[in-house]
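J.: From TrEMBL, here are the annotated features:
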| type | residues | note |
| --- | --- | --- |
| ACT_SITE | Cys210 | active site |
| ACT_SITE | His396 | active site |
| ACT_SITE | Asn416 | active site |
| COMPBIAS | 620-644 | compositional bias 'Basic and acidic residues' |
| COMPBIAS | 658-672 | compositional bias 'Basic residues' |
| COMPBIAS | 783-795 | compositional bias 'Low complexity' |
| COMPBIAS | 797-813 | compositional bias 'Basic and acidic residues' |
| DOMAIN | 181-472 | domain 'Calpain catalytic' |
| REGION | 9-43 | region 'Disordered' |
| REGION | 80-105 | region 'Disordered' |
| REGION | 614-644 | region 'Disordered' |
| REGION | 658-704 | region 'Disordered' |
| REGION | 726-749 | region 'Disordered' |
| REGION | 772-813 | region 'Disordered' |
Amino acid sequence: MSAILGLNIGGRRLRSRSPSPARSGYIVGRADSPPGFRGRGPQPVVYRMAAAAGPRRNKKQTPQEAVDEFWAKFTAKTPGKATRVIPQRQQGGERAGENGGLQRCNKRVRPTSYQEAAAKCRAKVAKIVGECRRVNKKYRDSHFDIESDLKLGRRECLQSLQNVRHGVKVPGSELRPRSAKRVTDIFDKPQLYIDGPTANDVRQGRDGDCWLMAALCTLSNKKGLIERLCVAYDQEVGVYGFVFHRDGEWISEIVDDFLYLTKSDYDESYTDRVLFDELERVNAEEAYRRIYQSNSGALYFAQCEHPQETWLPLLEKCYAKAHGDYAAIEGGFGGEGIEDLTGGVTSEMYISDILDKEYFWKEELLKVNKDFLFGCSTGVWGSSKWGERKGIMELHSYSVQKAVEIEGKRLVRLKNPWGKGEWKGAWSDGSKEWTAEWLAKLEHRFGDDGDFWISYQDLLRKFQAIERVRLFDHGWLLESCWTTLAVPWVVDYHDTYFRLSISARSHVVLVLSQLDERYFRGLEGQYQFELALRLHHAGQEDYIVRSQAPYRMRRSVNAELELEAGHYDVRVKIDATRNQGVMAAEQVVHNNAKERREKLTRIGLAYDLAHAKGKLVESPQEKDTREAHEKKQRETKRQEARDKIRAEREKEYYLKKKAFARGRERQRKMAARQRERLAAKRKTAAAPEAAGQALTPGCESDSAALDMDSLSDLSERELDIRAEVHLAQGRTNESPSPSRLSESPDEFESDPWNAVAVVGLHVYYHVKDADPPHSKSTLAFRSSSSTLADTSSSDCHNGRRVDDKEPRAHVDAHEEHHVVRLAVMRPNPLAQRQGSKALDVDDSARDATLSGAAIDGSNGGVVGTLSRGW
């Protein structure tokens, strides 16, 4: 079939999104009529173009063989990726640190819950406080020491690893703080919170993390969401502990209290120091500090509106440390920021795709800050330039604070994380719509603080995308499972899938995610992945629900619905694209190992811990099957070698037998001639001697017969020995064909397609029955003969409570019900594939036929109860 697809073999490796020319290799023009041709006007003339440079084709190759050879070179023979970039070392326990789920042997590591991460964070802070007070010393974070890093010019806390070719600047090179001081040296009366964290506290700094600031503004609408991030601190010692959500589990992070400032220290600022000294002040250095290096206004990065409040710059610093540096948190999506701070699940929608705007207002937006949080953004296509449209900034994220409908007016309150810059249309500050009555109803005050109201109609007109985050309370439970997949060039649903078994009717949110590459920025590699999932009844082709195609956020996709008890298959589709301008992880390691050891170690450890989630561990069943198959293959090859040796032996016997027959015939003729000569010379004395010589061929014939007897069959033992020797020689003497020896490897052979993704399925579920009966928990996994259940090759975790506010004993008792179970179902590589994969309902090839048979059949069936919405 590939022979008729019109493949552009000589073109780029990546899939092209643009249509190919109708007739490649030709230019169609027009010319006047040739002489003698009348009455028809100008006629088209076709000019043959010079053949484009392409792969050389052997004269004996058919076009189909040339195409097949191209694809054989295009894809890696042994696909895989580096899962460990730091040299392996002995590590005690099953976890390398607190912030990852590294598997050891065949054991499973349950993802860390919020309560567990918070408890570990408190313990670490308490230990640090005890150590520091014992030696009368403030805490200095040696792993993220921004003062030493800045003074010594290393800039490891500001810049990421460089992984882009062609002389692009190192990420973070434009960040230029001038000094770093402790909180107690910057603020006169520092306090972590003053009247609690609010959206009005947020002021974005010089880092491009407006998406994170917008997420924090959104979190401030629900009391307690921000406070729960900083679980322990000691202001005197200068240590702060925060927790964040990463790849399906909570992690803890510790920082000291150093913060970056916009101005240099007094002794290092020569020009300003001279000016201040000339003013003959009593204490010029103190005056300089009060003006340039005191309170919130002196900070280089994010700052609170109140001059003495410190929670925002410290949280931003800790978030930057968790991701490696400040450059790593530049650019992002507000929805993903909310996920990282709450553990929720984000859905994205272009405003132009909203089907029922009335339903969206009543059933979605009016419920903001309850089960959902909302954000909105502009410049979704990335082609807009910086600027503003009636005060709305391009390429910017805003948080939705509130939505109300009063006296027929539908109004939405938004927050600009810059802390300034507001909407200038209807219902903007000072507009004609405002009256004293409306100011009182909406509790609004004028001022350029980034907090403004806008009508629902203007919101739909001025913004391009809406992000909605579902929050999970303690009534929800989570089951997670990770695996590693080789992603083919052809986009299709993967042979490996997840098996989901539910023992009670539940409200379910399915989330398929890939690793958060922001944590190991610079080592993400050349491939980017776009995910999709479909839910099927086990063994059926027709799907129940599928995820919506992602717009901009590629980290995860999700689907929400209610499911009855039963067995389900979650099919996975991954669309991989390759960026040749980005270096592979191994090249980045090579470039940085000598000069940036500490930086590479920290980012590399985050990379290793993340990829350990998808570590494949062979199950006992798979091992037995593989060993049996390998044994069968060895026996088959040995028997083939034995048969080949026998055949060669028989051929040798046949050739020698023919040679023997020819020799005997020659001897017979020679003897006849000799007899004739002897008869002619009977009278001579040499006749008896000649007669004696004539008998010589007969003696030779007896010797040859003995040689023929030695060509009989070999013994079984000798055959086995020769077969082993033959196989060993075959392994060592493998070499390319003469035609391949004369050709140098092309670009595809030397750098083939090798896309590998680590993906995880997270199942959030809320059981409809308060007490699911134990009898329902006995559902067993079902697998066909062509698949092998694999529950040990990835982290499959049963019943972790999403928001652990109850004692662990109660949660563990609830886990015994095993309402949801997950397993990775990998295809049996030893069995022959049968059947075909079901296509999406809107796939153009769904109704196509091949060899008279439909590619995709639909079995129908009950599809469950879908939740209306996203």
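Note: Cβ is positioned from N, Cα and C throughout, glycine not excepted.
Just so you know, TrEMBL annotations never went through curation; they're auto-generated.
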J.: Roughly how many Å separate the Cα of Cys210 (active site) from that of His396 (active site), to the nearest whole number?
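T.: Given the Cα positions, Cys210 (active site) is 7 Å from His396 (active site).
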J.: Report, in whole Å, the straight Cα-to-Cα distance of Asn416 (active site) from His396 (active site).
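T.: Asn416 (active site) has its Cα 9 Å from the Cα of His396 (active site).
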J.: Around Asn416 (active site), which residues of its chain at least 6 apart sit with Cβ under 8 Å of its Cβ?
T.: Met393, His396, Tyr398, Glu422, Gly450, Asp451, Phe452
J.: For His396 (active site), what is the tally of other C-beta atoms lying within 10 angstroms of its C-beta?
T.: 22
J.: Can you tell me how many other Cβ atoms are located within 10 Å of the Cβ belonging to Cys210 (active site)?
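T.: So the number of other Cβ atoms within 10 Å of Cys210 (active site) is 23.
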